Amino acid sequence: MVEDDDLTPNFMSNQMWSSNGEFVPPDGICWVSVLSCLLLACSYVGSLYVWRSDLPRDHPAVIKRRFTSVLIVSALSPVFVWTWKVYTGVMPGPSLLALMGIRFEGLIPAIILPLLLTMVLFLGPLIQLAMDCPWGFMDGIRVAVDPWFWALCLRDMRWLRNQVVAPLTEELVFRACMLPMLVPCASPSTAMLTCPLFFGVAHFHHVIELLRFRQGTVSGIFLAAVFQFSYTAVFGAYTAFIFIRTGHLVGPVLCHSFCNHMGFPALSTALEHPHRLTILSCYLLGVLLFLLLLFPLTDPLYYGLPTPVCTLASVPSSLCIS
């Protein structure tokens with residue numbers, strides 16, 4: 001009769017921790033991690049196309065159907081991490097939810113500081129919007145606290161997609177689930193740069209719809225796709241950085257929602273603006289302040305040391321220390 005231990009994959013039987021307490025990744029874990037992330041990314045994108053329709057992606061009926069499928073995949077995504085953990089034999093100290101950034105320790109700083117940091121980066125666009133907005137400051141405050149305004153937003157399918165569902169599900173799948181699987185087989189820095197590649201490639205599916213509805217020339221569509229891949233990959237690296245440094249999911253979700261609202265900075269409009277010197281100065285000031293505050297505002301000391309995902313790191317990383 002075969003003993004149960006003989007059925008365990010070879011890389012699961014290796015020692016998980018060294019004599020000095022550092023995590024030692026089991027052999028073969030990287031292949032399992034990368035394939036798990038690839039399967040998760042394909043499941044997420046594939047869920048958008050289980051519904052057959054001749055309508056464009058912004059039609060409310062299409063959005064509602066995609067909400068259903070993508071929320072199901074997102075709800076099941078922790079199962080991928082749990083299965084990966086069981087199969088590889090990785091037994092982390094923190095709970096599965098904590099590894100995915102769902103925890104109470106350091107929650108208030110995680111809500112405020114990463115979003116504040118992102119707003120600093122967008123200082124130029126925010127000043128530009130304030131200059132061009134016909135409302136006064138108090139008008140904006142009144143709108144922000146008006147429940148009817150938020151009721152209208154919640155009835156707008158595109159707003160719900162861009163500001164709520166997409167940020168929440170994408171950060172859950174591409175950051176909270178993928179990073180705990182990637183960090184053990186690479187350094188946190190490498191995982192931070194690898195994870196966005198899945199995120200960027202996942203956005204290539206927009207090419208299918210643009211070609212299908214002939215929304216531009218073939219060359220123009222592919223150039224736009226390459227550009228979108230580039231900035232989504234950079235943005236993905238940024239939110240992965242926030243996730244690793246803070247150990248929280250809420251920060252990346254709020255930053256994602258804010259960036260979706262702001263869109264890509266309209267530099268061409270800023271160059272033609274009557275107050276372009278002031279606006280461009282704010283653009284530059286925002287970038288400089290962002291670089292100065294990047295590490296101080298994401299100091300793990302504010303969020304609880306060590307952050308859960310950093311406990312899986314096989315080598316010390318500057319991303320995980322205060």
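Quick reminder: no glycine exception, Cβ is built from N, Cα and C everywhere.
Residues or ranges marked as domain 'CAAX prenyl protease 2/Lysostaphin resistance protein A-like' in TrEMBL: 159-262.
TrEMBL lists 31-51 (among others) with the feature transmembrane segment.
The transmembrane segment feature in TrEMBL is assigned to 67-87 (among others).
Look at TrEMBL and you will find 107-127 (among others) tagged as transmembrane segment. With a threshold of 8 Å between CB atoms, the same-chain residues lying at least 6 positions outside the transmembrane segment (107-127) that come near it are 242, 246-248, 250-252, 254-255, 258-259, 262, 265-266, 270, 278-280, 282-287, 289-290, 293-294, 297-298, 302-303.
Under the heading transmembrane segment, TrEMBL lists 221-244 (among others).
According to TrEMBL, the transmembrane segment annotation covers 277-295 (among others).
DSSP places the residues of the domain 'CAAX prenyl protease 2/Lysostaphin resistance protein A-like' (159-262) in helix, strand and coil in these numbers: 92 helix, 0 strand, 12 coil.
Per-residue pLDDT, averaged over the domain 'CAAX prenyl protease 2/Lysostaphin resistance protein A-like' (159-262), rounds to 87. Long-range Cβ contacts of the transmembrane segment (277-295) within its own chain (Cβ-Cβ under 8 Å, at least 6 residues beyond either end) map to 117, 120-128, 131, 265, 267, 270-271.
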